[in-house]
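Structure, as structure tokens:
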Amino acid sequence: MVSIPATSLYGLGRQQPFQDLSKSLLTHLNLFTPQEAQSQAVPGTRTETEPTGSSPSDLQEQRKLADDKIIWAPLDYLCSFPGKDIRGKLISAFNQWLQIPEDKLDVIKRVVGLLHSASLLIDDIQDSSKLRRGFPVAHSIFGIAQTINSANFAYFWAQQELKKLGKPEAMVIFTEEMLRLHRGQGLDLYWRDSLTCPTEEEYLEMVANKTGGLFRLAIKLMQMESHNTEDCVPLVDLLGIIFQIRDDYQNLQSDLYAKNKGFGEDITEGKFSYPIIHSIRSDPSNFQLMNILKQKTEDEDVKRYAVRIIESTGSFDHCRKKLENLTAEAREILKDFGDLGNTDGLKGILDFLELKG
């Protein structure tokens with residue numbers, strides 16, 4: 001008999017790392033119902049009692065289970081200390097008025113949870129990150145090759161989960177948004193690696209594709225299942241941009257962010273984030289910031305000097321003002337949605353995303 005934890009990624013509190021990772025992926029993503037688990041080798045489960053004798057099919061199943069645990073291990077490790085789960089909260093908030101059936105909602109949450117976690121594994125490799133949520137990145141534990149394979153496996157597992165929605169349109173949405181996400185990521189990487197500073201408009205278009213991709217995927221799948229015909233995509237695109245600009249700001253200004261990811265990680269990565277782009281374009285005659293990005297430095301004194309340059313051009317103030325304007329725009333859209341159902345959850349997310357202080 002297989003022991004299946006009932007909880008999902010959504011609603012879990014922070015767990016201690018270095019727990020028994022053999023349980024974590026199923027616990028967080030709730031990939032199967034108990035009935036399905038009886039007939040499938042589920043990564044991250046264990047038998048409650050060992051049979052006194054094992055048939056060839058039992059042994060084959062046990063071997064497959066052991067293999068799957070190896071394949072899932074990097075993702076298991078990442079999921080053993082969940083983040084803020086903004087995407088899960090966003091899905092729940094939109095469902096207050098989209099009102100899709102619970103079984104469909106669970107599938108969409110699993111799909112987005114898998115895709116998001118897999119994308120973090122890949123991002124950390126592409127960005128040469130050291131920390132994720134305050135702990136060593138997965139590829140520092142399992143190696144780059146195994147981590148890439150685990151992430152790719154999760155992408156296709158998410159695709160397989162879509163079949164449970166029973167609609168061909170779901171696959172069209174999935175493919176379209178994954179292509180947009182990777183287009184956005186490709187431009188972000190190109191700008192960094194070629195030391196090409198984009199315009200703010202180019203950056204925001206990239207963000208709409210990249211950061212907004214999983215937001216949009218989730219909401220489009222929900223709209224597909226909902227009787228509510230209001231188009232939520234413009235609001236979702238706006239939320240994706242707000243989320244990214246806020247993240248860019250926090251990367252260079254937040255002590256908590258520094259604790260979880262390292263101080264000024266975007267500078268070490270050489271990334272053209274929103275405040276960095278504004279600073280460079282505000283003073284094209286000053287090449288210091290561009291040269292610091294080129295070095296991909298880990299020297300904290302140099303990074304703090306870069307932050308002072310960004311501050312001197314008013315770029316952090318510009319970020320705060322941009323976020324205020326975008327948040328006000330999102331609240332105006334919510335007013336139009338108010339007559340269609342409960343929007344308290346979405347208002348709560350906007351409150352959370354507002355910079356404090």
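Glycine is no exception: its Cβ is also placed from the backbone N, Cα and C atoms.
Computed from a predicted structure; not experimentally measured.
When the candidates Arg63, Arg87, Arg110, Arg132 are compared with the dimethylallyl diphosphate site entry in Swiss-Prot, which names Lys210, Thr211, Gln244, Asn251, Lys261, Lys271, the shared residue is Arg132.
Site annotation for isopentenyl diphosphate in Swiss-Prot covers Lys84, Arg87, Arg133, and the matching candidate from His116, His139 is His116. In three-state terms derived from DSSP, Thr211 (dimethylallyl diphosphate binding site) belongs to neither a helical nor a strand segment and is classed as coil. Listed in chain order, the residues near the isopentenyl diphosphate site other than Lys84, Arg87, His116, Arg133 are Pro82, Gly83, Asp85, Ile86, Gly88, Leu120, each with its Cβ within 8 Å of the site Cβ centroid. Long-range C-beta contacts of Arg132 (dimethylallyl diphosphate binding site), restricted to its own chain and to partners at least six residues apart, with a cutoff below 8 Å, comprise Leu78, Leu120, Asp124, Ala138, Asn260, Lys261. Cα separation, Asn251 (dimethylallyl diphosphate binding site) to Asp123 (Mg(2+) 1 binding site), rounded: 15 Å. Within 10 Å of the C-beta of Lys84 (isopentenyl diphosphate binding site) we count 10 further C-beta atoms, all protein chains included.
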